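Asks: First the structure, which I've put down as structure tokens, then a few questions once you've had a look.
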Amino acid sequence: MGSSTNNTQSKATPSVLENEVNSSKSSVVSSTSSAKGLLRETTNHGTMETSSVQISESESRPSKMVLVLTLASSISGFMFGYDTGYISSALVQIGTDLSNKILTSGEKEFITSATSLGALLGAVVGGVLANLIGRRRVLLGSNIIFVVGTIIQLAARTVWTMIAGRFVLGWGVGIASLIAPLMISELAPAKYRGRLIVTNVIFITGGQLIAYFINWGLTRVSHGWRVSVGLCMVPPVLQFVLFWFLPDTPRFYVMNGNFEKARQVLRKVHVDPSDEFVNATIDEMIASDSTVPGNGPLQKAWKSIKIIHTTPGNFRALILACGLQGIQQFTGFNSLMYFSATIFETIGFHNATAVSIIIAATNFVFTGIAICIIDKVGRRRILLVGMPCMCISLIVCAVAFHYLNVDFSTGTVVSRGINGWGIVVIIGMILYVASYAIGIGNAAWVGVELFSDVNVRSIGAMYAACTNWAGSLVIASTFLTMLENITPTGTFSFFAGLCFIAFFFVYFLLPDTAGLELEETTDFLSNGFNVKQAAQLSKERKKHSKFAKSKPTV
């Protein structure tokens with residue numbers, strides 16, 4: 001009887017909520033409070049009988065449509081990865097092609113960091129526009145910007161033209177890096193969300209690996225680096241064509257009051273969902289869609305920014321999302337990806353690009369492993385193992401550089417070719433990259449799922465992406481200078497120290513949100529970070545999930 005009553009209520013609620021949304025703000029507040037009470041009951045008692053969590057466990061398998069949308073969105077990751085990979089080798093291969101002289105360390109830093117600066121600004125604009133015109137349209141715009149930036153680089157004959165091209169391209173990269181994980185998090189069922197978001201990271205690492213292989217093949221080709229730059233135009237053109245025919249996310253349609261379109265997309269992204277499941281899911285989205293006051297789009301965007309800072313649950317989610325992105329950047333990984341070829345060339349390897357492929361391949365393989373374990377093991381546990389491993393690996397590299405006696409200010413080495421300490425550097429970097437790829441390299445990108453309020457999610461994703469690109473800007477513009485001024489040993493020791501500090505951030509503040517619905521997370525963070533409670537809830541959810549699978553259907 002109780003179950004039947006609940007089902008009837010679930011079916012009725014969406015239509016009632018829609019009428020309330022259209023008629024009065026007070027009714028929405030009442031409905032939202034009711035829905036949050038329902039979620040709170042689920043959190044406190046571990047029961048799944050009165051919410052759509054039970055339904056999502058049994059029905060929310062990813063459909064072919066959600067896989068297509070995930071793959072299409074992840075092309076953004078490929079563009080980001082390809083850009084990171086090709087510039088590492090291009091900095092070695094450019095020679096005197098720009099301004100008729102060899103690039104200085106400062107010019108290399110300017111060329112590399114220009115993309116990060118553009119991406120930082122692009123992420124700000126993309127975060128605001130995502131709520132105003134939709135995730136899909138913003139992504140289409142980023143594709144056009146990406147192509148324009150690539151054309152400017154192809155035509156570059158001076159260092160500053162190259163810098164300008166990479167700055168423009170950075171706008172496209174920044175917007176795309178924000179929108180891709182946002183779209184995937186809003187489309188993916190909770191059970192598969194981590195794995196599907198990591199698909200975007202797989203595309204990032206795949207783009208890096210392919211760029212290294214292409215540059216390796218073009219090593220002896222005159223002006224071959226321009227060919228690898230030109231190939232940058234292929235992914236954005238492909239993504240533009242795909243998304244021209246694909247829909248936006250259900251949550252964006254709910255934000256704009258287009259409930260029927262949201263239902264249509266939900267039916268496409270789930271395998272044969274029942275009306276009860278679709279209605280309950282729309283109900284949760286409407287309940288979490290707190291009305292943002294304001295007359296114009298910019299005023300509403302400003303109100304969203306105020307809400308994310310003044311609502312405790314949203315603000316804690318913001319701390320975690322930005323903290324994870326900051327850890328990802330300031331532990332030094334992108335310094336290796338941007339300048340690995342420069343490092344290997346300086347420590348004596350004849351074909352630095354070929355050696356860099358080892359690093360990119362390690363990143364790709366261990367990101368694939370992360371897909372298999374991230375939802376089963378949990379982000380928190382992976383990070384608590386990965387961060388110490390990164391720290392130890394960086395210390396190994398610091399010791400090896402001490403005995404290599406490399407002077408990065410002049411680029412001189414003791415001997416040319418393979419030597420013992422050079423091999424130790426490679427081993428240390430491989431271990432570091434493996435630990436990064438399986439941990440913070442993936443966990444940072446799932447931080448957007450911590451924002452359950454749909455009105456602030458794109459703003460939260462914007463903050464997280466801005467943190468990422470601000471960190472990338474600092475790393476790209478200072479890494480070679482650090483190698484020259486505080487030595488490689490000092491530089492790698494510095495990053496090891498940051499890894500050590502990051503471990504305690506994760507240990508004390510990051511809860512395990514595995515199994516929580518997207519609409520539950522901010523409510524869960526409303527009265528604290530709840531690290532212990534999250535661990536207990538995760539265990540209870542797994543028990544319920546196993547019980548639901550083993551229980552025969554009637």
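Counting starts with 1 at the first residue shown.
Placed from the backbone N, Cα and C atoms, the Cβ positions cover glycine too.
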Asks: Swiss-Prot tags one of N351, N485 as N-linked glycosylation site; which one?
Replies: N351
Asks: Quick one: do the transmembrane segment (144-164) and the transmembrane segment (490-510) reach 3+ CB pairs under 8 Å, ignoring pairs fewer than 6 apart in sequence?
Replies: no
Asks: If we skip the immediate neighbours and take only residues 6+ beyond the ends of the transmembrane segment (420-440), which ones have a Cβ under 8 Å from one of its Cβ atoms?
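Replies: 205, 324, 327-328, 331, 333, 336, 340, 347-349, 355, 358-359, 362-367, 369-370, 373, 382-383, 385-387, 389-390, 392-394, 396-397, 399-401, 403-404, 502.
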Asks: Do any residues, 6 or more residues outside the transmembrane segment (382-402), come within under 8 Å Cβ-to-Cβ of it, and if so which ones?
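Replies: Those are 327, 331-332, 370, 373-374, 421-422, 424-425, 427-429, 431-432, 434-436, 438-440, 442-443, 487-493, 495-496, 499-500, 502-503, 506-507, 510, in sequence order.
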Asks: Work out how many Å separate N279 (N-linked glycosylation site) and N351 (N-linked glycosylation site) at their Cα atoms, rounded off.
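Replies: Taking the Cα atoms only, N279 (N-linked glycosylation site) lies 59 Å from N351 (N-linked glycosylation site).
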Asks: Looking only at DSSP and grouping its letters into three states, which state does N279 (N-linked glycosylation site) belong to?
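Replies: Going by the DSSP assignment, N279 (N-linked glycosylation site) falls within a helical segment, counted as helix.
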Asks: Is the transmembrane segment (167-187) packed against any residues at least 6 beyond its ends, judged by a Cβ distance under 8 Å, and which are they?
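Replies: Contacts of the transmembrane segment (167-187) (Cβ under 8 Å, skipping residues fewer than 6 from its ends): 66, 69-70, 73-74, 76-77, 79-80, 83, 114-123, 125-127, 130, 135-136, 138-139, 141-150, 152-153, 193, 196-197, 199-200, 232, 236, 249-252, 269, 445-446, 448-449, 457-458, 461-462, 465, 468-469, 518.
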Asks: Name the residue among the glycosylation sites N279, N351 whose Cβ has the smallest number of other Cβ atoms within 10 Å.
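Replies: Ranked by other Cβ atoms within 10 Å, the glycosylation sites N279, N351 bottom out at N351.
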